[in-house]
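If you check TrEMBL, you get these features:
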SIGNAL    1-24  signal peptide
DOMAIN    22-128  domain 'Cadherin'
DOMAIN    129-237  domain 'Cadherin'
Amino acid sequence: MGSGRNNEILCWLLVLILSDWSAAQISYSVSEEADKGTVVGNLAKDLNVSFRDLQTRNLNLVSGYSKKYFEANVKTGDLCVNERIDREELCPNTIKCTLNLEAILSNPMILHRIEVVIVDLNDNAPTFVEKSHSLNISEFSPMGEHFLLPLALDADTGSNSVKSYRLSPNEYFSLDVQSGVEQSASAELVLVKALDREKQAVVKLALTAVDGGKPPKTGSVQIHHQNNSRCRWRPYYLCGSFFSQTPPLRAKHQ
Ligand SMILES: [Ca+2]
Ligand SMILES: [Ca+2]
Ligand SMILES: [Ca+2]
């Protein structure tokens, strides 16, 4: 952005600070990652002016962002996407994401505040921070005992975040999944059959995180079976090799 453009924005911002010319706020919404040129709304219609007015009254769009996310087509009156809008970059860790700008017309000077709600797309799969981990579980653990598992992360929000987990078929453990409407799901391992280290020293499982997108995206873990005689007189071992990235282990028993 050149210094001329910066000066222009500063002038307009100064005008806005010193003035109280504000009309009702206009609210639009557009999906993140929308193509350049995607129409967000029609300014001429919503400002209640003609296309010709947009030119003769020198329509200016002002915002405080380093990128010019939107531009106006004064021939059609449309407000269009001008730059890639990545919700995860703009609004990390927040559920609602908005971009705000002002549309200013001169002669007479009128200011309209515009809010554009950025709608999340399911463009990120669940991932895990760690690539592998192991749990030490005593063979004397009672059936029904719960063991915390790594949490998957998903940069998307709401229904596009992690909503469920799956566990590969096995005879010793089931999965207890806790999920909320707005929160990411979490899962715990539940012992359903007594462990016997003499019979099987190591159990390997696959844990898969699933988001709520349509279609859903997944982050998987594959775990290999391995009988290890070195575990013979040691606590029972549950070992895992993560093929995707995964989060820190929260374990009740290590
Ligand atoms: Ca994105
Ligand atoms: Ca997204
Ligand atoms: Ca997702």
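Placed from the backbone N, Cα and C atoms, the Cβ positions cover glycine too.
Break the domain 'Cadherin' (22-128) down by DSSP state and the numbers are 15 helix, 40 strand, 52 coil. Confidence across the domain 'Cadherin' (22-128), taken as the mean pLDDT and rounded to a whole number, stands at 94. Mapped onto DSSP helix, strand and coil, the domain 'Cadherin' (129-237) counts 6 helix, 41 strand, 62 coil.
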